[in-house]
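Data first, discussion second: the structure below is written as structure tokens.
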Amino acid sequence: MPRTQNKDNFIDKTFTVMADLIVKMMPINDKAKRAYVYYRDGLSAQNAGDYAEALENYEESLKLEESPFDRSETLKNMAIIYMSNGDEDLALDTYQRALDQNSNQPSCLKNMGLIYEKRGRTAQEAGLQDEADQLFDRAADVWTQAVRLYPGGYLDIENWLKTTGRSNIDVYF
């Protein structure tokens, strides 16, 4: 049964009916409407923890969606799933694909930095300080971009940049 028909509570059912009506009335072509329905079903599945179904819906949405902005949102959600599943390489690649579609995605940069920083800590714990420093520098690079796009939005990252000595003074202006 399609995700849009598998609603258990009144609020979800009501929202789905309203969203379906809005989509039908939108002055966009049928292909874009179908892409949106797949995207919405992907979000619903992702929120329910059904990552396999979410990815299937996102893939279908990407086949239909032409808007770079909407494609970037879909790719970002896919990357979040890959990251949650521990597939960090695929997550990094997918975050980059999202940024290629829309470079104004600070959350993609933030999450990429989280992966690099985690890998840096792992390398450091293994005694691989040169590798750790390179990974920390990569984290700093993407986090600096994220902070520039969303000043004041990532205070923990700004603090990390300052305390590790990887902060550029112009990041905060």
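In case you wondered, yes, glycine gets a Cβ from its N, Cα and C as well.
Marked as repeat 'TPR 1' by Swiss-Prot: 35-68.
What Swiss-Prot records for 72-105 is repeat 'TPR 2'. This prediction places the mean pLDDT of the repeat 'TPR 2' (72-105) at 98.
The feature repeat 'TPR 3' is assigned by Swiss-Prot to 120-153.
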For the repeat 'TPR 2' (72-105), give me same-chain residues lying six or more residues beyond its boundaries with a C-beta closer than 8 angstroms to one of its C-beta atoms, as numbers and ranges.
39, 42-43, 46, 51, 54-55, 58, 61-62, 65, 111-112, 114-115, 118-119, 149
